[in-house]
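As recorded in TrEMBL, the features of this protein are as follows:
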TRANSMEM  21-40  transmembrane segment
TRANSMEM  60-79  transmembrane segment
TRANSMEM  99-119  transmembrane segment
TRANSMEM  125-149  transmembrane segment
TRANSMEM  161-182  transmembrane segment
TRANSMEM  194-214  transmembrane segment
TRANSMEM  243-265  transmembrane segment
TRANSMEM  271-298  transmembrane segment
TRANSMEM  319-338  transmembrane segment
TRANSMEM  350-369  transmembrane segment
TRANSMEM  390-409  transmembrane segment
TRANSMEM  415-434  transmembrane segment
Amino acid sequence: MASSTPLKDKLLQLSKLSGPIVVSRIGFLLLSLVDTIMVGRYATESLAAISITHAIADTYMLIAAGLLFGILVMGSIAIGQQDPRAAGLAAQRGVVQALGLGLACALASVASLPLLARFGVQAELAAAIAELMVIVALGLPAILIYIAYSFFLEGISRPMPATLVILGGNLVNAVLCYAMVYGEFGLPEMGALGSAWCTTIVRLLMALAIVLYVHRIMADRDDFAINQRFRWAWPQWQMQRRIGYGGGLSFGIEALAFMLIAVMAAVASPLIAAACAVLVNIRSILFMIPMGVGFATSIQVGMAHGNRDLPDIKLSTRAGLLLGVSLSTLCALVLAALPEPLLAQYSHDSQLLAVALPSMLLLALALPFDAWQGIMSNALRGREDAMAPTLIHAIAYLLLMVPLGWLLTLHWQRGLNGLVEAMLIGNLIAAVLMTQRHHQLNHQPGQAGPASDLRDEGA
């Protein structure tokens, strides 16, 4: 049985939903990127300290964000079941979880500081990182509260308010960071410390803004029971956590794999490490497009799953894959056509450009496969298949990509090309396995049957 919705209509729905989500994800990257650029231009010697500080804190934040992914999935399933109250209660549980995770991330970030010396970081640099980390850690609970509410709004197909908040946050961040780093508009000149304080202040403002919108401005907030007395509803809480465990582990596995790739690049040579950092940054920015499409696909699939509509699950997955891979292919063509101008935005060092340039074509080839696996993994989570994407990521990235990167780069001396080739193969294997898992679920008995019943909460 085919879905009654034409593919072009589903693509239009998905485009409208994914657009604000893509902007929101890029906005997240821009917050850190602007801080890094400002500090780098103020004092090059402070650049390493602020970059490492954000790398440590953001790794914990990323894992925590994955643990909160159940808010989005449970919300979309609830909307598919025409039960907005269940979506609101999922958000309530998620915000409590976000607060706890934020405190844990703050403590973990600070507790990681003694490890810097073990990795051979110079004492002066380690001291600068420690001073910055204490400030940045203060804002982690706030940013995770923002993420929890943004997942709620995205799950009920209303991503625009969260997007507007992060756009506003970027505007405030650009002005405030400039003022606090350079000492403008009557503020003291604080350098990297000013950037760290700016990050924390902006995160607090973003959290306050989205809380105000959801609890006081959203017109139909009472339909979602968002202001009613909090209740755990343990069966639903267990399902939400299970989805979150899968998301958190997947995000953590991917972050660990790319960290190991960076370590291998550093072992190869400082020049390869610098070129690898540039390519990974380009990949991270361009991946925000299929990531946004993937989140939107997860929402559409979750709604179809909640409505027990297998044909619509298939159509939503197909539409997400078509849209995301097409957009990534366009990005890949731009990357292949204009490698030198893009690299010039990062550095004018002729040696670095000579190392990075040959690998840009390989990176362009990897982008569509990266989009393919990302969209498929999110579609699987939308149908409550929490752990399969995690297992596939572990196989493709930790068991295949990382050893292959070592073999190609350090053993066979293929340099940066070897690392990017390993990324390409890892993405391809992940994409194929994710697709196979979808086909397996589509042909399992009961896949058109009921999703988790969320409607018994507080009835």
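Keep in mind that glycine also has a Cβ here, set from the backbone N, Cα and C atoms.
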Beyond the flanks of the transmembrane segment (319-338) by 6 or more, those residues with Cβ under 8 Å of it: 7, 10-11, 14-15, 18, 282, 286, 289-290, 293-294, 296-297, 300-301, 360-361, 363-365, 367-368, 370-372, 374-376, 378-379
Residues of the parent chain within Cβ reach of the transmembrane segment (161-182), under 8 Å, 6 or more residues beyond its termini: 20-21, 23-24, 27-28, 30-31, 34-35, 38-39, 42, 146, 149-150, 153-154, 188-192, 194-195, 197-199, 201-203, 205-206, 209-210, 213, 218
The transmembrane segment (60-79) touching the transmembrane segment (125-149) per 3+ Cβ pairs under 8 Å rule: yes
CB contact flag for the transmembrane segment (390-409) and the transmembrane segment (415-434), at least three pairs under 8 A: yes
Touch test for the transmembrane segment (21-40) and the transmembrane segment (99-119), at least 3 Cβ pairs under 8 Å: no
Same-chain residue ranges lying at least 6 outside the transmembrane segment (271-298) that approach it to Cβ under 8 Å: 14, 17-19, 21-26, 29, 72-73, 76, 154, 258, 261-262, 265, 316-317, 319-321, 323-325, 327-328, 331, 335, 342-343, 346-347, 349, 351-352, 355-356, 359-360, 363, 366-367, 370-371, 374-375, 377-379, 381-382, 409, 415-416, 419-420, 423
Contact set, same chain, for the transmembrane segment (194-214): CB under 8 Å, 6 or more residues outside the stretch: 31-32, 35, 38-39, 50, 53, 91, 132, 135-136, 138-140, 142-143, 145-146, 149-150, 152-153, 161-162, 165-166, 168-169, 172-173, 176-177, 179-181, 183, 187-188, 221, 226
